[in-house]
Every structure is written in structure tokens, then in C-alpha cells.
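Noted in Swiss-Prot for the protein shown:
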- SER194, SER195, GLY196, THR197, THR198, LYS202, GLN336, GLY337, THR341, ASP425, ARG440, LYS531: ATP binding site (BINDING)
- TYR244, SER248, ALA314, GLN336, GLY337, THR341, MET349, LYS442, LYS446: (E)-4-coumaroyl-AMP binding site (BINDING)
- LYS265, LYS448, GLY449: CoA binding site (BINDING)
- 267-336: region 'SBD1' (REGION)
- 337-404: region 'SBD2' (REGION)
Amino acid sequence: MPMETTTETKQSGDLIFRSKLPDIYIPKHLPLHSYCFENISEFSSRPCLINGANDQIYTYAEVELTCRKVAVGLNKLGIQQKDTIMILLPNSPEFVFAFMGASYLGAISTMANPLFTPAEVVKQAKASSAKIIITQSCFVGKVKDYASENDVKVICIDSAPEGCLHFSELTQSDEHEIPEVKIQPDDVVALPYSSGTTGLPKGVMLTHKGLVTSVAQQVDGENANLYMHSEDVLMCVLPLFHIYSLNSILLCGLRVGAAILIMQKFDIAPFLELIQKYKVSIGPFVPPIVLAIAKSPIVDSYDLSSVRTVMSGAAPLGKELEDAVRTKFPNAKLGQGYGMTEAGPVLAMCLAFAKEPFDIKSGACGTVVRNAEMKIVDPDTGCSLPRNQPGEICIRGDQIMKGYLNDPEATTRTIDKEGWLHTGDIGFIDEDDELFIVDRLKELIKYKGFQVAPAEIEALLLNHPNISDAAVVPMKDEQAGEVPVAFVVRSNGSAITEDEVKDFISKQVIFYKRVKRVFFVETVPKSPSGKILRKDLRARLAAGVPN
């Protein structure tokens, strides 16, 4: 067993938990790209990106060179320090080149799901003030009008329709022409959108210092919490527009010199084939993928013995599912991490993944990352709680977000005066420093790891002339974890049906935000201040009497 450090301290009455691993030196002064490529001379000729779609392999030297060329290309199109580009792409090498290229300029990348509806994409492009959108030709229709009306350039990674540029125009630049920029540690580099603990999606400002710290907390140090090395092959099937994949797969992989195997979307047979073919050693997944592996009859036909780490995040993984999937990966350590976009995103990581591993319990989602502090507080009083008592999980450290873009009020609600980020998740820390999540204070629905903000769907429902009031809450689902369901009050005399409500929503939102059930009610329960009492509605669902 590795050496442990003191994990519990008292500060001004607060009980504060720290990692069992000692703090490490983190080069927080480095821009993100410099940090990720800091040790490139040790593995410049090794594979960096493997494109699962066509087996094309890019070495570290080729990737770093292409990122610098793209930086110059973006600059020639007018992108300067602190400008924003939107990456509207599925997993692809170009996603990596665009994100890292923007970092070299001190520019910001906002990442959006290419399956968003046109309205959802445009909303994010507007809110983030994106000056360039990098996408595929099949998604151009979603942004075409907005781009032409707002002088936003659209770049396609495949055949470019009229009025769009081709990505090759970026990669043909002279890499030596990168403008000299002085990037400050607190400058924003990534702008993912998250609903936070309540409300509508907001831009989460993640800085160079924040992402460098978060990656270092996972993979740096003598005894790295998430042990990876240059011989590893990481499966990148989770979407890079999601911070879990961007941080714990791409950035961590680049830092250690591992090969990153890019897969556009999850499909069980090709997924298993790629693991076998490229001898994937690290599998960062989400519960729906774990469920598919546990239940698929074809898994036993493939050799998965190369996998040594199976990590699940983005939503809690049940103990039964954890046990079921263990049998499919004979040589793998299986465990969970816990993250939240605003926290950079990793708060806790399973110590079975450490270079010198610790024993862990099934169902735990790790222990707090090093160089950070965690406390559990009573949601009503704000007082910190001792071990084994559930309360709101709070985290403090250099890895957390700078704040929400143009939303100081939401920032103040999430990060308090002492620098603690309040997650809105309820959990407890046991006598072995392991964190268990038990409930969610926040309103967010997690569909297969994707965020659904009830307020967003409720606003759309209230636009319907035959609906006078509505509330959206999560309903448990074996496949998806949670699905959104709506409680709807019909307008006077209206006979609107469940199917009509579902169709009305499905035309306006991406698939995972679609309402799966509609329950018609006389009234939506509310507090005296008018806040929807979601707990009451969730209790009705649990009791099997929604109406």
C-alpha cells in the first residue's frame, strides 16, 4: 500500500478533506498547449491520434505541428487573443487541431453538440460571440443563416459548401507565423456550456491555469492518481464536446504521450473491434456504455485482455452494473470518477487507478483529487458535516471555473466568498475518505451523461397556447439513467394529448431533451415564492401515482 497523507483538517470550524496522495508541483504558469506538449521530445515519433474511422495515425510531432499551423490559419482569418471559435464537430482529429490551435493564440473554444437543433446551436454561438464556426458540411444548414447575417466564417472539415472555407486552408499556413501573445494563467481557453445547479445553459469559463491544474491532479506526480503512460492506448468514444472527454481523455492523454483512439460514436461491434485491434488499455466510459458492454451477447467473442483501466463518469454507476462489467474485462481495474463542468471538471477520482493503487469500495466515486479541498455541508445551515453524514459536496482549488460568462449572479450563487464551489450534489465521505453520491439538490436531469435543464423544456412548454403551466423532472430509466418527463396543466377547455405535447417539444430540441412521458395534472405544486416543488413530483413518480 502507498504512503498516505493527512486527509482531514479543521479550518475556522470547517472539516476539510484532502487527497490521500501528497500535493504535487503544478506548472500553473504554463499555457495549456505548452503544458500538454511539454514532454513531447520523449515521444515525438509515437502515435498521438488514431482515427478509428479510417485507421489514419498522426504522430505527436505531426499533431503539434498541425496545431501550430491551424493557429496561424485562424489568425489569418482574424482570430486574435480572447476571441472565440465554435467547434461544432463529432470526434475527429480536426477537433483536436482546432482546440489546441486556438489555445496557441490565446483564443477560446466553445464546444457544441453537432446534433443540437439550429436554435440551440445559434443560441450558444450568439451567447459566446463566436467569430468562426468549425463544422462538417452536413451541419452547415444549422448555422448558415446566422453566419451570413453576423459575418461569422464557417469552416468545414469535409467538402465545403458554397460560402464556406475548407479546413485545409488552416493547415496550409506557415507554423512559424504564430503571433507572439502573452497568455495569462487566468485567461479563458475553453467555454463549455452547462446548466449548473439550476436554470438555462451558461458558458463555463475554464482557464489555462484551471485545466492545467485539473490534468495535473489526475496524471502528474510520482504516484499519479490516474496512472497513464506513453505506451497506453486511450479509447476516445465519449464526445470531445463534453468536458469529461476533452479533459480526462484528450488533455490527459496528450500530457503523458499516450495514443488516443478516436471513435465518432458508440456502436458496440466496431467499438469492440477497435479495442481488440489497437489493444486499448484505458477505457473512460459512461454508465450507458458500461450497460451495453455488460448486456451485449457479442462481447465474449472479442479479446479485451489489453484493457487495464475502466473508468466511469458523468453519472453514478450502480454497484450491480459495476460488478456485471468486471467479468468482461479480465485484467482491468474498474472504478468511478466524479465531475462537474464548473469544477474543471474532476472533483474525485478512484485511487485504484493510481500508479501505486489503493483498495477501494464498489459504488464509491473516488476520493478528492490532490491539490484541492473538499467539504460536505448541511444544505440548510451551511455548516460542515463529519464523515458518513450526507450533505452538499463543495470543492475548492485552482482547477475550478473562473465563473459563468456574463453572469456574475449565477457565479456568486455557485462559488462563495471563500472560493468554495457548491456542486448541488448530495454525498458523504466515509471513514476511508471515499466519496459516495446519494442524491442531487440541483434540478439537472442526466440522460446518458448529457445534461437536460428542466427550465429550458418548461419555457418551451409554456409557449404552447394549450398549456397553462408545466414542470419537468427526471424519471429513473435503466438504459439512460434518467429521462425527462413533464407534468402539464391544460389551458381552459384544452384537450391537448400526450403525443401532441411530445411532438411539440421534439421538433425544438436535441434527442436527449425530448420529453418521454407527459402527465396531466390540475396544478403544479409550488412553494409560496413560486418555486416548483420538484421533490413532490419526484415522490409521486417514485410512488407510482404521477397523476
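Backbone N, Cα and C atoms are what each Cβ position is placed from, and that goes for glycine too.
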DSSP state at TYR244 ((E)-4-coumaroyl-AMP binding site), helix/strand/coil: helix
Neighbour count (Cβ, 10 Å) for LYS446 ((E)-4-coumaroyl-AMP binding site): 20
Reduced DSSP assignment, GLN336 (ATP binding site): strand
Local Cβ density at SER194 (ATP binding site) - other Cβ atoms counted within 10 Å: 19
Proximal residue to GLY337 ((E)-4-coumaroyl-AMP binding site) among binding-site residues SER194, GLY196, LYS265, ARG440, GLY449 (C-alpha distance): GLY449
Integer Å distance between the CA atoms belonging to LYS446 ((E)-4-coumaroyl-AMP binding site) and ARG440 (ATP binding site): 10
Which binding-site residues sit within 10 Å of TYR244 ((E)-4-coumaroyl-AMP binding site) - Cα, from SER194, GLY196, LYS265, GLN336, LYS448: none
Candidates GLY196, GLN336, THR341, MET349, LYS446 (binding-site residues) - the one closest to LYS265 (CoA binding site) by CA: LYS446
Those binding-site residues, out of SER194, GLN336, THR341, LYS448, GLY449, that come within 10 angstroms of MET349 ((E)-4-coumaroyl-AMP binding site) at the Cα: GLN336
Cβ-centroid neighbourhood (8 Å) of the CoA site, LYS265, LYS448, GLY449 excluded: LEU238, PRO239, PHE266, VAL286, PRO288, ILE289, PHE450, TYR512
Reported mean pLDDT - the region 'SBD2' (337-404): 95
Cα distance (Å, whole number) from GLY449 (CoA binding site) to SER194 (ATP binding site): 12
Between GLY449 (CoA binding site) and GLN336 (ATP binding site): CA-CA distance (Å): 13
Inter-residue C-alpha distance, LYS446 ((E)-4-coumaroyl-AMP binding site) and THR341 (ATP binding site) (nearest angstrom): 13
Cβ-based isolation winner (fewest other Cβ atoms within 10 Å) among the binding-site residues LYS265, ARG440, LYS448: LYS265
